[in-house]
Amino acid sequence: MDARQMKIKAAEAALEHVESGMRLGIGTGSTAEEFVRLLAEKVASGFQISGVPTSERTARLCLELGVPLKSLDELPELDLTIDGADEVDGKLRLIKGGGGALLREKIVASASTRMIVIADESKVVDVLGAFKLPIEINPFGQVATRLAIEKTASRLGLAGEIVVRSSGDGVFMTDGGHLILDASFGRIPDADALAVELNAIPGVVEHGLFIDVASMAIIAGPEGARTLTAS
């Protein structure tokens, strides 16, 4: 089973948790896109949901495939969000934001009664941090903000390169018009403390540490999909 097949397996298992009539947050990224494709097939057969996308990219795919969408302002309370993750640990703490949609992903997930994470087994880690931590910042004062992040990380015993994310045509900009810093801290022994400290930096809009947000994770491997709950 290759990587895409595992993503499809996780998405199939997640789809079993979606009930007709649900207000559904729809994530961003390659695994979430497999979920959207499967959801669209079900919608085409008469299944009723109202989706709230976490990015313009997801919105475009949903509209292309016929998945009905609403804005979060129209549906401010959601039943369930299904989204991918770049890393997930045994306490269901996540690193997200590899696709650049972390702010909207966190807003939508926080507006949901439950969040189910879908991923392949390569994303499961003992300690978060092998994946670069995305930190969304305001463009104004970006150098000062990066310096504040470096000092904060140092106080917590973390160090590593922090770079502005680029795209094919220059600096990457989020859907909200912000920059993303990718922080190569390595292992983050106290993700909870880092999340609190990053939240206190004025120029930080959001960060990719999702703490106490996910309700469960569906992890796909060569033998099929399994469910993780917080240990």
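Just so you know, glycine gets a Cβ as well, placed from its N, Cα and C.
The feature substrate binding site is assigned by Swiss-Prot to T28, G29, S30, T31, D83, G84, A85, D86, K96, G97, G98, G99, K123. Classification of D83 (substrate binding site) by DSSP places it within a strand.
Here Swiss-Prot flags E105 as active site, proton acceptor, drawing on sequence analysis. Around E105 (active site, proton acceptor), the same-chain residues at least 6 positions away in sequence with a Cβ under 8 Å from its Cβ are G27, T28, T54, S55, D83, K96, G97.
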Site with most surrounding Cβ atoms, counting all protein chains shown within 10 Å, from the binding-site residues T28, S30: T28
List of residues, in chain order, with Cβ under 8 A from that of K123 (substrate binding site) and at least 6 apart: A85, D86, E87, V88, I219
